[in-house]
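S.K.: Have a look at the structure that comes next, please.
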Amino acid sequence: MNITKAELVISAVKPEQYPDSGRPEVALAGRSNVGKSSFINKMINRKNLARTSSKPGKTQTLNFYLINDSFYFVDVPGYGFARVSKQERQKWGKMMETYFTTRETLKAALLLVDLRHPPTKDDVMMYEFFKHYEIPVIVIATKADKVPRGKQQKHAKIARETLRLAAGDSLILFSSETGQGKEEAWAALLPFLTE
C-alpha cells in the first residue's frame, strides 16, 4: 500500500463529532501502551503522525486519521492500566461501545496484543466483544522484535489459544521497529477498505 497522504482529522469525544464522509473505517483497539500509535506510524511511513507516549492511557479520545483521502484509522482509548478514575473509565467504555455498535462505516477492527505476554483478560473480552457484534477482527501481535525469532511462533500459539481465535481470523506478528508484518497487515486490511 503506497501512502501519499495521512492526517489527523479530529479527536472526537462524542458521535456528533465523528466524520460523516462515509469513508470506510478500521478501529485500533488494545491495552494502554501496546503500541497502537507506533503501529499507525509504521503502517503509514510517518515518524510521529500518531503521537506515542510512554505514559499509558494517553489516548482519551477517538482519533480519526484520514489515510490517502480514502479511509480512516480510528485509534480508540487504550484499556487496562490507564491511570484514570473508575468514572472516567466507564465514560470511555460507553464512548467505545457506542462507536463500535452504531458506526455503519466501521468495516473491521485491529486488536493489538503484546506478543511478549499472553493476552490479558481485557484482550480476551475485547476480542469476544468484536465477535459478538460481528465486527471482523484482525489480531496484531506487537513488539515482535522483542521476542527471539525462534520463540515467536510459540508466543503466537499462546496468543491464539488464549484468545480462542476463530478459524479464519488472522494473527499477524508485527514490529514497528523492523517493519515485520507490515505487508501482511496491509494485505489483511485491503479487502475491508475496497468494498
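Even glycines carry a Cβ here, placed using N, Cα and C.
As annotated by Swiss-Prot, domain 'EngB-type G' applies to 22-195. Annotation source Swiss-Prot lists GTP binding site at 30-37, 57-61, 75-78, 142-145, 174-176, citing sequence analysis. As annotated by Swiss-Prot, Mg(2+) binding site applies to SER37, THR59, with the evidence given as sequence analysis.
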S.K.: Need the DSSP three-state call for GLY30 (GTP binding site) to compare against my parser.
M.R.: strand
S.K.: Round to a whole number and give the Cα-to-Cα distance in Å for the pair THR61 (GTP binding site) and SER37 (Mg(2+) binding site).
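M.R.: The Cα atom of THR61 (GTP binding site) is 13 Å away from the Cα atom of SER37 (Mg(2+) binding site).
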S.K.: Please identify which of LYS36, LYS143 has the densest Cβ environment, defined as other Cβ atoms within 10 Å, among these binding-site residues.
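M.R.: When each Cβ's neighbours within 10 Å are tallied, LYS36 tops the list.
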S.K.: Whole-number Å only: compute the distance from the Cα of PRO77 (GTP binding site) to the Cα of SER37 (Mg(2+) binding site).
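M.R.: Distance between the two Cα atoms comes out at 11 Å.
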S.K.: Return the count of C-beta atoms lying within 10 angstroms of the C-beta of PRO77 (GTP binding site), excluding that atom itself.
M.R.: 23
S.K.: Just to verify a number: CA distance, GLY30 (GTP binding site) to SER37 (Mg(2+) binding site), in angstrom, no decimals.
M.R.: 11
S.K.: Could you measure between LYS143 (GTP binding site) and SER37 (Mg(2+) binding site) for me? Cα positions, answer in whole angstrom.
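M.R.: Computed Cα spacing between LYS143 (GTP binding site) and SER37 (Mg(2+) binding site) is 13 Å.
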